[in-house]
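Undergrad: Pasting a structure here, questions to come.
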Amino acid sequence: MTALSVNLNKIALIRNSRDTRNPDVPAHAQQCIDAGANGITVHPRPDQRHIRAQDCFDLADMLKVEFNIEGNPFTGPRASDRAGVSDYPGFMDLVREIRPAQCTLVPDGDDQLTSDHGFDLTRDGDRVAPLLEELKSLGIRTSLFMDPVPEQIRLAAQVGADRIELYTESYARAFEAQENHEAVFAEFVAAAEAATECGLGINAGHDLNLHNLPLFATLPGLLEVSIGHALTVDALQMGLIEAVRAYQLALGKGQ
Ligand SMILES: CC(=O)[C@@H](O)[C@H](O)COP(=O)(O)O
Ligand SMILES: NCC(=O)COP(=O)(O)O
């Protein structure tokens, strides 16, 4: 069965609009887990717009399910736009200290609105390989954020990743427009087959939602989806507990 890892970035985004702990990130993690989530994902960014380093420490202290930290390994500390709130030590230093169950490397620029591409390992493979080796030596499962391109996915295995996370925005956009989405989904199936052939586990995420998830959940070998934005928006209507349950149902899990 595919695991559901709930991404809490958007809970932290709301929290950061006040100097309070409301909404409280660990409390929301606990609600997701109580409702049946299999893991928690966060994506700290250097600009501190949502998840901050302290959130990662707080979550690491309380989580008993899989903790997945995503981000760009080549980012360092950066002065915050708001004096006094920057606690970002750089992605790799944060992960070295926390040692989450899974670390997903994502090739984002510092100022992106959101993630918008997977790794080009023809270019970055030599830089990524030693990081994967180090993470694995710390007991952390590794994953690389990848476009659904079989040649690139084979390189992910060559540089030593345990898993890939397929970047699903192209599927989400095609599904929303109901244009060619079966052909786009077939690209993801081919990518998943390439991953399985070379021994990689398969995660996926980005803009998955209650409408597009049932078809995506049929992807062969899909181990985990991480979902944040749409689930948080749905929680505004349904409440967080019902939203998590609805996503588990969309993944084909009965209640
Ligand atoms: C790698 C990925 O697809 C997600 O982590 C996504 O980037 C969420 O980040 P934001 O919540 O900052 O958009
Ligand atoms: N890795 C994808 C993720 O964690 C959540 O992405 P989104 O659902 O917020 O687009």
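Cβ coordinates are placed from backbone N, Cα and C, and glycine is handled just like the others.
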Undergrad: Thr2, Thr104, Thr114: which one does TrEMBL list with Arg45, His50 for the 1-deoxy-D-xylulose 5-phosphate site?
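TA: 1-deoxy-D-xylulose 5-phosphate site check in TrEMBL: besides Arg45, His50, the record includes Thr114 out of Thr2, Thr104, Thr114.
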Undergrad: Which recorded positions among Asn7, Arg45, His206, Asp207, His229 have CB under 6 Å of ligand 2?
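TA: Near the molecule: Asn7, His206, Asp207, His229.
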Undergrad: Suppose we screen the recorded positions Glu70, Glu165, Asp207 by Cβ distance to ligand 1 with a cut-off under 6 Å; which survive, in sequence order?
TA: Glu70
Undergrad: Counting across all protein chains shown, how many other Cβ atoms sit within 10 Å of the Cβ of Arg45 (1-deoxy-D-xylulose 5-phosphate binding site)?
TA: 24
Undergrad: For the recorded 1-deoxy-D-xylulose 5-phosphate site formed by Arg45, His50, Thr114, which further same-chain residues have Cβ atoms within 8 Å of the site's Cβ center?
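TA: Filtered neighbour residues, in order: Asn9, Leu13, His43, Asp47, Arg49, Ile51, Gln112.
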Undergrad: Select the most exposed residue of His50, His229, where exposure means the fewest other Cβ atoms within 10 Å, treating these as the binding-site residues.
TA: His229
